[in-house]
Amino acid sequence: MEPGKEKGTATPREQNQSPRPNLKPVTMNKNLRKKKKKDLEELKKEVDMDDHKLTLDELSAKYSVDLTRGHSLKDAQEILFINGPNSLTPPPSIPNWVKFCKQMFGGFSLLLWTGAFLCFLAYSINLRYNEKADKDNLYLGIVLSAVVLITGCFSYYQESKSSKIMESFKNMVPQQALVIRDGERMQINVKDVVLGDLVEVKGGDQVPADIRVISAQGCKVDNSSLTGESEPQSRCPDCTHENPLETRNIIFFSTNCVEGTARGIVISTGDNTVMGRIASLTSGLTMGQTPIAVEIEHFIHLITAVAVFLGVTFFFLSLILGYGWLDAVIFLIGIIVANVPEGLLATVTVCLTLTAKRMARKNCLVKNLEAVETLGSTSTICSDKTGTLTQNRMTVAHLWFDKTVYEADTSEEQTTGKTFPKSSDTWFYLARIAGLCNRADFKPHQESVPVAKRATTGDASESALLKFIEQSYNSVNEMREKNPKVAEIPFNSTNKYQMSIHLLEDNPQAHMLMMKGAPEKILDFCTSFMLNGQEFPMDEEMKVDFQNAYLELGGMGERVLGFCYLNLPSNFSKGFQFNTDELNFPMESLCFVGLISMIDPPRTAVPDAVGKCRNAGIKVIMVTGDHPITAKAIAKSVGIISEANETAEEMAARLNIPVSQLNTKSIKAIVVHGSELKDMDSNQLDHILKTYKEIVFARTSPQQKLIIVEGCQRLGAIVAVTGDGVNDSPALKKADIGIAMGITGSDVSKQAADMILLDDNFASIVTGVEEGRLIFDNLKKSIAYTLTSNIPEITPFLMFIILSIPLPLGTITILCIDLGTDMVPAISLAYESPESDIMKRLPRNPKTDNLVNHRLIGMAYGQIGMIQALAGFFTYFVILAENGFKPLDLLGIRLYWDDARLNDLEDSYGQQWTYEQRKVMEFTCQTSFFISIVIVQWADLIICKTRRNSLFKQGMKINWWFCAIPYSALIFIYDEGRKLIIRRRPGGWLEKETYY
Amino acid sequence: MTKTEKKSFHQSLAEWKLFIYNPTRGEFLGRTAKSWGLILLFYLVFYGFLAALFTFTMWAMLQTLNDEVPKYRDQIPSPGLMVFPKPLTALEYTYSMSKPPTYEKFTEDLKRFLEPYSVEEQKNLTNCPDGTPFKQSGPVYQACQFPVSLLQNCSGVNDTDFGYSKGQPCILVKMNRIIELMPDGSPQIICDAKDADIANILTYPDHGLIDLKYFPYYGKKRHVGYRQPLVAVQVIFESSATKKEVTVECKIGGSSNLKNEDDRDKFLGRVVFKVTVST
């Protein structure tokens, strides 16, 4: 038996027998466990419940709930306690100890553990054969272990911190639900809704759980996020279909109620809801490694290989040169420690966290740290249209009256100042019809909000008209008060028009019939038309003009409405009872006034952002469920299809030849219809993706989105995908970076995505791309900086072994550099601002443009590192020479130098040194070598700030560095003066007050 | 499964081969001959320049040095003490009286070491006045004679075996040379056996005195022929001692500016050695 059935049917029956559904949690767990093994098909079949077939009494009995008063508070508490909150379980996360162990033993840690182990081994061997064992090895071992532990804990802490940020984001917007308990309506948190709760849902709400409807008034729900159907569906208490997904008396968790109200009983909550099951399915999809994770792994392998290779080579070399086993092991440790940039991984984590925070400030919330960088290497963006590229708000775009097309202002802030002749009488009529024959209304208490941003009730086109009239004509409410409505026929899909009859303010006894609707339908009603306020009988010329205008506006992808009116004859004056069911008034020979067309206009920032993507070599593909013409129009207006390019159909139309005769090579843009896509195999899709630079997919289903993403990935692109519905989540998961919408996105899509755009704006993606590239650049800089010091760290060992000179740099000192002086500057490079070419170069090729490539290694190791090493060695030789050991005498001195029993070693001047004196000398040299590295690293830090730009261009105002110099001089002068006086006057006032 | 793995192995092998030599593009290790030439030329020029620069800076640095006196001498403010001959392992003189090969190395070393101290070798050196420092201001610096006879029984003149064959070995103790070091007072090397019952310690010159005329030392370059003052230590085992093994500690005394009690440096102004003689 399938667990789903078990849950859907068996369990409730058991509940029926026992008053409380005690068994529920058990089956839930079982269910969860089994769920993982299922694939999509099985889960689809699993949607199997019988609640929709029950009568209300049965339902009431099954959930032991009163259908008018709801649960008692106590019962609700109890059920909540038993079943747990009504929320989707987040996908199973890796347990904390595994994460911790990953930090402890992943990456370089293993290499360092080996080093530490060798240290302890060397110490214990030493201890066994030599009573006065050198403790240095023990200390080094302890230090190495501490280093691994501390950096591991630090990385773990950083990671848990960033995942906490994500947790808090999930709880950012708690949703409310209206439930009835003890006969009282109360607003509670959605996650407190329990099984059997009596819930009320009204238009605009998100459904809080799976609900069996018991009563409804004109309730329509939008199931698109669940089933992909974009048309709102009506809901009623009657069971209309066997299949629970099809029946009309069940509404589903996380879908939206578009209009009307409904009351019902909760039949499943949380993960048991239909949505919950799909959500857990998508979370089961495995994700590939993020590119930066691949890069860092590649880098770790490279460095480890170099470290092990060098270590082992010199291990054997030193054996051949006659050093003891123990010495060779110590060399091995030294070389490993010198090669591994211990602090780097912590630096990388910090860099990523920083960027994630910065992105959040720019309205991109990043879920996976590494996703930031992925966005930077994105080469293709598959973007939604609605809400992402557009404002998601129908707006009047064009008007056609007096035989002229006028353009309206569609920008978000109403700033273009486009206008049209408002003095025309035709406009007066048009505005009046648009305002009065309109059921949309502003929601109350929004006086302070700009008209364009006010919330409205009603259909999108009507709202657009309402706002347009409010803005460019007059207050609609006032108009409606003065011209009261006496009768109306609402719009429906069969008649395709809307009619209303109003008393007129300028002639209070007369009625005017106003009508709006599909233009061709409207034209059929009309026998005359209005031109500059005068009525003219309809003629062929007018009809042709009308057709042209209709085609023109429709061709721009706009939704066109026609408007007409009729002054009713005097026998229908005030007091006449209109009957809209059996028409008792004339509704013909109307006068045509004009057309108004609407579109969801692109966001203001989008064309610019698309242009930036172009410059940055990123291909923007529009994937939309919308009509091809609308899609193309928007694509053109935002630049996804650039002005210079035209599609095959357009070119054919222009050249007046059939599409098949065109030279397809010159065509760079294409609009692909979803139904064509359905018939394509992957080769054909690849061909389209490869040959066309500007692609729009229209009328696509969310499933096809997945196919498109996979196609792009087959061609080696790194794909970013935007999506908001639940059905988008497989595509979001599949994409290299899934981007969910913060406002319109469903919870499931947010869960599947790597990044969430809090403002739903495409331009934010571009900001994200820039940030992503920036982090990659800055990481490169940071790594180049850190790696450079490896050469001056390792050459001392090599020279020590090859030239037999006293050791110029100790192992502990190397750790001081890697974990101390190099770490903070490396992190500081994460704050570096972008260079001028950041959005002008092509996206990196993930196969060849590695984070750490041979050019970076060549630069860091081969060039700058060598100079640094020379600096260190120069200091070293200077110090030894100035103290008596000249460079040439040092060569080959090592065996004598390190001989603890040789206490009269002669220097170049004939002086003799004890072992301890030599060692103090050697430590002085090591300190100076260390300081030399620190100083040359200053220069390295400054040069690493940029890769292409000149430093002077990149905000390095060198002259500002010198501002403090006079003050430094003052410090010297002041303090030397003070000390002079103290020396001259011992015990004086100045000494008492300032001698410390 | 294995089939695909095998294939991928072959593939990677082929990729490697292609990487090592790609005949179509004429690439060797991922670079064409021209590319290799250019990169090698670049590094040749680059490293050539670096080497030249490094050599130049080193040369310039060496020019600033004084050949006679090192720039800094603060690293060795006080001399260390060392013994001669130096045993192969730790400072332990272990030998058998009856087996000359076990001590021959010591006596050979001593002979060679004392050769420059012979009268013949020192005839060009100055006979300096005793008891006062022999300060000089150059430009020619003279070295004082250190007659080997001062070492009496350990001079090797009368006893070419330096007492080793008799079980009374001589060991030379010397103070490290430090340029322009001027000891206060009258420095001497004081040697004691850890266990006075086992052995008696004799020092030559008497009381292990080091004459001030051997100070200051002016360095290898200026002070040619300088003879480092020596103190010989002879270990005389008590006849009653059953086991001829003793630890001897020598210290610099009689001078306030020569340290002999450093916690870390066990050879600063002192030296400890062990003598074991078997029959």
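Start at 1 and count along the chain as shown; that gives each residue its number.
Any Cβ shown, glycine's included, is placed from N, Cα and C.
Here's what TrEMBL has on this protein:
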REGION    A:1-40  region 'Disordered'
DOMAIN    A:50-124  domain 'Cation-transporting P-type ATPase N-terminal'
TRANSMEM  A:105-125  transmembrane segment
TRANSMEM  A:137-157  transmembrane segment
TRANSMEM  A:299-323  transmembrane segment
TRANSMEM  A:329-352  transmembrane segment
TRANSMEM  A:797-820  transmembrane segment
TRANSMEM  A:860-881  transmembrane segment
TRANSMEM  A:920-938  transmembrane segment
TRANSMEM  A:958-975  transmembrane segment
Ranked first among A:137-157, A:299-323, A:329-352, A:920-938 for CB pairs under 8 angstroms with the transmembrane segment (A:105-125): A:137-157
Feature contact check the transmembrane segment (A:920-938) with the transmembrane segment (A:137-157), CB under 8 Å, 3 or more pairs: no
Folded-back contacts onto the transmembrane segment (A:299-323), same chain, C-beta under 8 angstroms, at least six residues removed: 107-108, 111, 329, 331-332, 335-336, 339-341, 783, 794, 797-798, 801, 850-852, 857
The domain 'Cation-transporting P-type ATPase N-terminal' (A:50-124): DSSP-derived helix, strand, coil residue counts: 47 helix, 2 strand, 26 coil
Cβ contacts under 8 Å made by the transmembrane segment (A:329-352) with residues that lie 6+ beyond its boundaries: 107-108, 111-112, 114-115, 118-119, 121-122, 137, 140, 144, 147, 151, 154-155, 158-159, 292, 296, 303-304, 306-308, 310-312, 314-315, 318, 323, 369-370, 372-373, 775, 778-779, 782-783, 786-787, 790, 793-794, 797, 800-801, 811, 814-815, 818-819, 822-823, 826-827, 829-830
Stretch-averaged pLDDT - the domain 'Cation-transporting P-type ATPase N-terminal' (A:50-124): 81
